[in-house]
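These features come from TrEMBL:
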type	residues	note
BINDING	Gly41, Asn48, Ser287, Asn319, Leu384, Asp387, Ser388	Na(+) 1 binding site
BINDING	Val44	Na(+) 2 binding site
DISULFID	Cys146-Cys155	disulfide bond
REGION	1-21	region 'Disordered'
TRANSMEM	35-53	transmembrane segment
TRANSMEM	65-86	transmembrane segment
TRANSMEM	107-134	transmembrane segment
TRANSMEM	231-248	transmembrane segment
TRANSMEM	280-301	transmembrane segment
TRANSMEM	313-337	transmembrane segment
TRANSMEM	372-392	transmembrane segment
TRANSMEM	413-439	transmembrane segment
TRANSMEM	445-466	transmembrane segment
TRANSMEM	486-508	transmembrane segment
TRANSMEM	528-548	transmembrane segment
Amino acid sequence: QPVTPELLVSPSSQDGDLGSECPEDRGNWTGRLDFLLSCIGYCVGLGNVWRFPYRAYTNGGGAFLVPYFIMLAICGIPIFFMELSLGQFSSLGPLAVWKISPLFKGVGMGTILIVSLVAIYYNMIIAYVLFYLFASLTSNLPWQHCGNWWNTDLCLDHHVIKAGNTTFPVNITNTVSPSEEYWSRYVLHIQGSSGIGNPGRIRWNLCLCLLLSWTIVYLCILKGVKSSGKVVYFTATFPYLILVMLLIRGVTLEGAWKGIRFYLTPQFDHLLSSKVWIEAALQIFYSLGVGFGGLLTFASYNTFHQNIYRDTFIVTLGNAITSILAGFAIFSVLGYMSQELGVPVNQVAKAGPGLAFVVYPQAMTMLPLSPFWSFLFFFMLLTLGLDSQFAFMETIVTAVTDEFPYYLRPKKASFSAVICIALFLMGLILTTEGGMYWLVLLDDYSAGFGLMVVVITTCLVVTRVYGMKRFCRDIHMMLGFKPGPYFRACWMVLSPATMMALLVYNIIKYQPSEYGSYRFPPWAEVLGILMGVLSCLMIPVGMVVAVLQEEGTLWERVQQASRPAMDWGPSLEENRTGMYVTSLAGSQSPKPLMVHMRKYGGITSYENTAIEVDREIEEEEESMM
């Protein structure tokens with residue numbers, strides 16, 4: 001009696017008991033826009049509001065947009081598309097995706113370490129935002145006037161200057177604004193700490209805000225992408241509504257044009273400086289969130305034929321336009337503020353937490369209905385920060401559950417809770433009086449050169465070890481067309497070369513961390529550098545583990561470990577066409593594609609693609625003989 005090959009047996013006619021040994025289904029996005037909005041929410045974060053406008057004005061104003069868009073084309077869009085392609089093709093998280101070349105699994109481990117460190121301090125920033133959000137629920141903002149218990153003799157209230165209508169110019173060089181003292185002396189209570197080595201006591205109000213922010217994050221990622229994919233419909237779109245409101249309010253203020261002119265006046269002589277190009281590349285690199293594993297994780301929950309090529313351009317260009325818009329919203333208000341205080345714009349312009357928690361809140365106090373505008377601004381920051389944090393957490397949880405699908409996937413909610421609690425406890429040091437010093441240290445070192453090494457290695461492994469031809473073939477099989485010469489040139493040469501230049505520049509121009517006038521002690525610098533080096537060290541550690549698991553001579557082991565694993569390829573059997581069918585268990589068919597088509601029905605356009613890919617492989621094999 002002839003034996004039917006296993007591939008020809010319909011799934012329903014196989015033994016039902018076999019299914020119980022399979023891991024639980026990973027799940028997918030439930031709506032068509034879930035993935036796109038999650039990517040937009042992940043990429044459009046706090047950096048778009050507090051880093052881009054400041055970087056633009058310090059690096060040539062409007063002229064900065066030239067290197068910005070060139071760097072977006074050279075290393076932003078190509079690396080973004082590569083990450084999405086890897087995730088969607090394999091349906092695996094940032095650790096398991098290294099079945100593509102097990103020798104380099106350490107890259108995935110480095111990614112998880114970086115994301116974990118960033119998630120700790122990023123949620124602390126969200127806690128500060130929550131603190132200010134609650135403080136805005138009042139008729140008079142607490143940072144509006146001097147005369148509170150936390151103010152010093154240096155505090156100078158601009159309302160008093162205006163009311164006094166003084167004819168002589170007021171010297172404000174040695175004075176401090178009420179908003180600055182509110183931030184440093186009340187919110188942080190930094191006077192209670194002598195430095196990073198003596199963090200002081202825990203600030204319980206900050207601790208409760210951190211607990212609340214972790215609770216919000218946990219409730220939103222409770223059911224993985226099924227729950228976070230729905231939350232982003234609000235958190236990814238609402239900031240745009242507030243941004244437009246702040247923009248309209250900003251440009252209608254007196255003196256707004258001073259700020260906007262300051263922000264956009266092109267200084268083309270800056271383009272001859274290498275620093276400007278490096279700054280543009282850094283802004284693109286961190287703004288798009290490449291290398292953190294978030295894009296790869298989100299794409300892994302897509303259906304196999306989702307058009308990520310289109311999504312890449314929507315997200316990357318949308319992110320750039322948002323940054324430019326935010327610059328108008330910020331600088332129009334700074335222009336108004338400089339006119340009110342009678343000082344140049346460059347004296348009020350700041351970047352990072354200084355802009356969000358000192359300068360902008362001070363500007364809000366000068367507006368009518370100041371608590372309303374303050375609440376809107378911090379609510380925008382909250383929604384911007386949350387969806388980036390969802391991505392960090394989803395990356396960590398997905399990476400580990402994909403490694404242990406049998407044990408952890410059924411308990412994903414409990415595992416997510418354990419991760420959130422662990423990261424909350426690690427972040428408690430950030431809620432102390434000297435917590436800001438630790439936050440600056442984490443911000444400066446956790447995702448510095450370590451992240452660049454991870455992205456450069458990923459790029460080189462995919463193009464050189466796995467092979468450009470093979471990678472393009474995979475994309476062809478998934479999307480129905482091959483990437484054009486632009487993408488191939490960027491992946492092979494331009495993107496890795498640009499990031500190498502970034503890495504070298506970062507090392508040469510290394511500057512010790514500082515916060516205001518405080519200089520970090522040498523041991524803190526060493527600790528920071530170790531944070532960065534540790535993620536890089538994961539790569540050789542992973543190599544050693546992979547080589548030890550193989551057999552033969554050392555060179556044979558390295559060769560075997562660098563080849564894709566046997567089960568590398570699309571996760572669903574119906575998508576494993578062409579060369580990937582032969583790697584399925586029980587496949588003995590000489591023409592696997594034909595068997596595959598008989599099992600899953602007629603020829604679709606994607607199966608036509610698979611036939612083309614098969615023919616290409618056969619021709620290559622013949623030419624090699």
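Backbone N, Cα and C atoms are what each Cβ position is placed from, and that goes for glycine too.
Features as recorded by TrEMBL, highlighted on the structure.
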residue	record	Cβ contacts under 8 Å, 6 or more apart
Gly41	Na(+) 1 binding site	Val232, Thr235, Ala236, Asp387, Ser388, Phe390, Ala391
Val44	Na(+) 2 binding site	Ala236, Pro239, Gly318, Asn319, Thr322, Leu384
Asn48	Na(+) 1 binding site	Ser287, Asn319, Thr322, Ser323, Ala326, Leu384
Cys146	disulfide bond	Cys155, Leu156, Asp157, Val160, Pro178, Glu181
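Leu384 (Na(+) 1 binding site) counts 27 other C-beta atoms within 10 Å of its own C-beta, drawing on all protein chains shown.
Per-stretch counts of Cβ pairs under 8 Å to the transmembrane segment (528-548) identify 445-466 as the leading one among 65-86, 231-248, 445-466. The transmembrane segment (313-337) and the transmembrane segment (445-466) are not in contact, since fewer than 3 Cβ pairs between them lie under 8 Å (pairs 6 or more apart in sequence). When Cβ distances are compared across the two stretches, the transmembrane segment (413-439) makes no contact with the transmembrane segment (231-248), since fewer than 3 pairs at least 6 residues apart fall below 8 angstroms. Comparing 35-53, 107-134, 280-301, 372-392 for CB pairs under 8 angstroms to the transmembrane segment (65-86), the maximum falls on 280-301.
Least crowded of the recorded positions (Cys155, Ser287, Asn319, Asp387, Ser388), judged by neighbouring Cβ atoms within 10 Å of its own Cβ: Cys155. Between the transmembrane segment (107-134) and the listed ranges 231-248, 372-392, 445-466, the one holding the most Cβ pairs under 8 Å is 372-392. Note: the stretches the transmembrane segment (372-392) and the transmembrane segment (231-248) are in contact (3+ CB pairs below 8 A, sequence gap of 6 or more).
Taking residue pairs at least 6 apart in sequence, the transmembrane segment (280-301) and the transmembrane segment (486-508) share three or more C-beta contacts under 8 angstroms. The stretch from 35-53, 231-248, 445-466 that makes the most Cβ contacts under 8 Å with the transmembrane segment (280-301) is 35-53.
What surrounds the Na(+) 1 site, by Cβ distance within 8 Å of the Cβ centroid and not counting Gly41, Asn48, Ser287, Asn319, Leu384, Asp387, Ser388, is the set Ile40, Tyr42, Cys43, Val44, Gly45, Leu46, Gly47, Gly289, Thr322 from the same chain.
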